[in-house]
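For reference, the structure is listed below as structure tokens.
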Amino acid sequence: MTIQKTFNYQKEIEQIKTQFNFDFVALALVQSTNQLFELKWTYATGNHSNRFRRIVLRTGKGVAGNVLKTGKPMLVEDMAPSLMKNDLHNYLLIVGEGLKSVGAIPLYKSNRVHGILLVACREGRKLTATQFTQLKQAIGPEFGPFYNKEMFRL
Amino acid sequence: MMRINEFQLTDLLIKMYDNSAEAIFFFDRVGKVIAMNNAAQQILDTEVLKRMAEGDPKAICMTCKGYTNEHELQTCMSCYLSNPTEDLSSFQVYLDTVGKGIIPYTASYQTIDKENGIRAFMLRDLTKQYRTQEMLNQRTMMKSIIKAQEDERKRISRELHDGVAQEILSSLVDIRVLKYMNIDDEVLKKVQQTEGSLMHLLDDIRHLSVELRPATLDDLGLEAAFRTHFKWIEKNYGLIVHFSAELQSKRYEGEIETVVYRVCQEAVFNALKYAGTDDINVRLFEEQGFLELLVKDEGVGFDVNHNQPIGTGLGLYGMKERAELVDGQLETRSLIGEGTSITLKIPLLHSSSEGGPGVENHNRG
């Protein structure tokens, strides 16, 4: 808890961006822990605009929404326009920032998704599955524990 | 009664024969063509004309694609030419014409000279009439489809709001009661999480209900409905809508309000998806007996004449259709790099009856 409070997220995501050579890294964290929690993009680096910061994430909408809903990491190596054709409005971050390969990881706190780390490249297939696995391993506990399937069995 | 002499009548008949747009044929007893007018010659193929000149009674069959009876649209069953005993003062026949293909004609086939067995076959082109009919049908159909859709949305929206949402609310109250009971911290924490989830669910269902059809539109009118909608747009999509309404919460006919709301919703959604801009302007005002809606963005714009849209292309079409339902006009102006503006203009006919008692709930039920 205390680590998380003093943890400099902005510096940390910038470091991830350089380390993996990503074009865009953003972190969404639960805003108010009281009754009605909201998930918003609080930290970002490599962004063109700040419009996405106003968006309140909803479960099941878009890539981050899917991660929030399923609680599992998600990787889309190539964001083809046909994928988003019917619900383009749910992919405003991806379209607005021109992201082509996108990966998102849920960050947990007391068995609930407490945040989402989204990394992306503006080039299709630049973010690969191996890179994504490396990233998952590199995420420190300061971000909030990253649970995978094995941990659920405990 | 007007009286004309025989000479004048002959003159008129000849003029009619020469200049009429109707095709006129004269057949003799055996089915040979004795004469036909200009209009008739124009629709026939040269080969058919040649065969007719040679006196082939079957020549007409090369052009005729059958007539309409009770059983079939195009049939040769008991052909009108060979079976002239029936009443053939008006029937429909299909002809293969030069340049226009197979098109329907209204025909009459009558004996005009019993002694010599001369019969006149007259044809009137029906395509124009059919097209008008079709357009009328399409409009009525579109109107009822849109109405059915709105009604159905209204029903589901109310069901969600009054039924499902209420049930969830009562579960929420139960959970809140649980918090004040004697339970240990671990359980309390879980209960609080569940409460949060339920509140989210309730929120989602309310959004869904409003998205389907806003109750505010029926209860409070356009201005209130728009304000709620734009607040929601900003929260969900990060797009800021600068809304200025100059209507003083005036109410309009239910159909007009629905059209304005839906057109605006679509226009804003288009801007959101394709304009690539952070904020848009929406203005709603009344001017010279017209209710006007202006949706303007300074985004990327598009080529209005380009016929291959990025999306389905149905959005703009649907907006136009909806506008036409209330005799409104929709104008789309856009230039690449200079943004897009959409104007909707609806004539207000019954301006005197507005705002009176009983108008508030006109859209309910």
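Cβ coordinates come from backbone N, Cα and C, glycine included.
Feature annotation from TrEMBL assigns [4Fe-4S] cluster binding site to B:Cys61, B:Cys64, B:Cys76, B:Cys79. Look at B:Cys64 ([4Fe-4S] cluster binding site): DSSP puts it in a strand. The Cβ of B:Cys64 ([4Fe-4S] cluster binding site) lies under 8 Å from the Cβ of B:Val93, B:Tyr94, B:Leu95, B:Asp96, each on the same chain and at least six residues away in sequence.
The annotation domain 'Histidine kinase' is assigned in TrEMBL to B:163-350.
Of all Cβ atoms in the shown protein chains, 18 besides its own fall within 10 Å of the Cβ of B:His161 (phosphohistidine). Here TrEMBL flags B:His161 as phosphohistidine.
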What is the number of other Cβ atoms found within 10 Å of the Cβ of B:Cys76 ([4Fe-4S] cluster binding site)?
14
Alpha-carbon distance [B:His161 (phosphohistidine); B:Cys79 ([4Fe-4S] cluster binding site)] in Å:
64
Using an 8 Å cut-off from the Cβ centroid of B:Cys61, B:Cys64, B:Cys76, B:Cys79, can you name the remaining same-chain residues around the [4Fe-4S] cluster site, in sequence order?
B:Ile60, B:Gly66, B:Tyr67, B:Tyr80, B:Leu81
I need the CA-to-CA distance for B:Cys76 ([4Fe-4S] cluster binding site) versus B:His161 (phosphohistidine), whole Å please.
61
Alpha-carbon spacing, B:Cys61 ([4Fe-4S] cluster binding site) to B:His161 (phosphohistidine), which is rounded to whole Å
66
Within 10 Å of the Cβ of B:Cys79 ([4Fe-4S] cluster binding site), how many other Cβ atoms can you find? Include all protein chains, please.
14
